[in-house]
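If you check TrEMBL, you get these features:
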type     : residues : note
SIGNAL   : 1-28     : signal peptide
DOMAIN   : 94-169   : domain 'PA'
TRANSMEM : 198-216  : transmembrane segment
TRANSMEM : 250-270  : transmembrane segment
TRANSMEM : 276-301  : transmembrane segment
TRANSMEM : 313-341  : transmembrane segment
TRANSMEM : 347-367  : transmembrane segment
TRANSMEM : 374-392  : transmembrane segment
TRANSMEM : 429-453  : transmembrane segment
TRANSMEM : 465-487  : transmembrane segment
TRANSMEM : 493-510  : transmembrane segment
Amino acid sequence: MDLQKKLSSLLCFAALISLFSFPLLISAGDVVHDDDSAPKKPGCDNVFALVKVQTFVNGQEGAEFVGVGARFGTTVGSEKEKAKKIHLTLSDPRNCCTVPKNQLTGDVVAVDRGNCTFTAKAVNAQAAGASAVLIINDENDLYEMVCEPDETDLDIHIPAVMVPKDAGLFLEKLLAGNSSVSVQLYSPERPLIDLAEVFLWMMAVGTVLCASYWSAWSARESAVEEEKLLRRAVEEIPDTKSGASSIVDINTTSAVLFVVVASCFLVLLYKFMSYWFVELLVILFCIGGVEGLVTCLVAFLSRWFKSASDSYLNIPVLGTFSYLTLAVSPFCIAFAVVWAVYRNAPLAWIGQDVLGIALIVTVLQVVQIPNLKVGTVLLSCAFLYDIFWVFVSEKLFNVSVMIAVASGGDSGEDGIPMLLKIPRFLDPWGGYSVIGFGDILLPGLLVAFSLRYDWLARKGLLAGYFLYTIVAYGLGLLVTYVALYLMDGHGQPALLYIVPFTLGTILTLAKKRGELQILWAQGRPVKTESLY
């Protein structure tokens, strides 16, 4: 019993860390700063697009940087094969606020930002014969270049691209070393659908599916054990291994507190995001991931190693553990440690997903909603939480707090670990498609509840609620991806779409069948046939 209580406490702690330590969104690709301060006008109406700047040093291919095209000037072509390698030179004067003194016939000219407008720099570079202008930003970020409100009749027919400060310093160093530097500018189009989205969708739905069946199986086993004890008129329930004591039911109070605690933790992450803060999150994620992986492996292997799973050893201070748990724990700990050390390696996303899925499945097995009332309160609060911290927070903090936290902020890390991620295989821009744990956990609680109810009520697949709820979850996630592309890759709060689909489906279906009151208040059938 003590072991189960400790397990429950640790898993609940892991669940809280998972839910509160990351934004609930799906994000893909690069995000650049928006600037709508100047309206579109003739000669200044380009659609902002990212631009690849491929360098060549003495004829050899060098580093590649990412810039952003301006609203004015000609646009950069999308095909790399048709993009020409053009000689690069520095402007004199460096800010290009007057026509450069050096001859730029056909060259790409690199200029510094500041002292005059972006359009003035482009006009002067064009007057000197440049074929394109690279404007070096004064910080390691990208800024969308627009025209001034009073500028009209612009006649700029060369591309203007802004590159970050570190790219400019790199180019300056090359040119200072008397190297022959050329650049190739092109803006490849992002594919409409990437395999990453397909696999991420399958991963999310599959995780909810597996966790729901495990939860329902455990609930049915618990109900069978309870029924046996009642039939034998046993007044005092012995210490069984049914797992009932390890279940943690959420109530309406904790569902409401979710928004408050999650919001406080999110602001804390945003304000104090740093390298060491991310390291702390990595440690917490590894602890939760190890516990989840151990639980899943023990449950899976216990079918073949029953004697090892039923034999226990008492370890001072730590508590009582089965021999099977002790056998698999070193492997799980080593797996998490290796991932933590090499988490920036190209294939590290696999380890992160394995630990994350194991944690999610285990949490959905232990943490449950007892009825539809609690589920409605929890998902409604999460729905509002998602909308506020993705969209409304941008008005208060001048940045979307969720997106800032998901990307790692100024920590120098490539995002926080509480995400499932898959590299964008077909995207020339690379990057990852990610989904927050909460976008799986929170709807997963409702889906698992529907399957538990179906099994206890002895409902068939079509007569129950699970099939329709899991389909609704998949559709809600699919709509999120559609919204993601319609918003040009801007991070979307997945629960904005998933909650209406899942919660709306089960509420409507229960109302139509006349079972809403039972699901709402009790969460389990009034009377069922014998389960064994």
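Any Cβ shown, glycine's included, is placed from N, Cα and C.
Here the structure is a predicted model, which means the values were calculated and not measured.
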Message: With Cβ-Cβ distances below 8 Å as the criterion, list the same-chain residues six or more beyond the ends of the transmembrane segment (198-216) that contact it, or say none.
response: 26, 299, 353, 357, 360-361, 364-365, 368, 420, 422, 433-435, 439-440, 443-444, 447-448, 450-452, 454-455, 466, 470, 473-474, 477-478, 481
- request: Considering only the recorded stretches 250-270, 313-341, 347-367, 374-392, 493-510, state which has the highest number of Cβ pairs under 8 Å to the transmembrane segment (429-453).
  value: 493-510
Field: Highest-contact recorded stretch vs the transmembrane segment (493-510), from 313-341, 347-367, 374-392, 465-487, CB pairs under 8 Å
entry: 465-487
- prompt: Roughly where does the domain 'PA' (94-169) sit in mean pLDDT, to the nearest integer?
  reply: 86
Query: Which bits of the chain, at least 6 residues beyond where the transmembrane segment (374-392) starts or stops, bring a Cβ under 8 A of a Cβ in it?
result: 23-25, 249-252, 255-256, 258-259, 262-263, 266, 400-403, 438, 442-443, 445-446, 449, 491-496, 499-500, 502-503, 507, 520
Query: So what's near the transmembrane segment (465-487) in sequence-distant terms, Cβ-Cβ under 8 Å and 6+ beyond its ends?
result: 26-28, 192, 197, 201, 204-205, 208-209, 212, 439, 443-444, 446-447, 450-451, 453-454, 459, 494, 496-502, 504-506, 509-510, 519
Cβ contacts under 8 Å made by the transmembrane segment (347-367) with residues that lie 6+ beyond its boundaries: 7-8, 11-12, 14-15, 18, 203, 207-208, 210-212, 214-215, 218, 246-248, 250, 285-286, 288-293, 295-296, 335-336, 338-339, 417-423, 432, 437, 440-441, 444-445, 448
Query: Could you give the number of helix, strand and coil residues in the domain 'PA' (94-169) as assigned by DSSP?
result: 15 helix, 14 strand, 47 coil
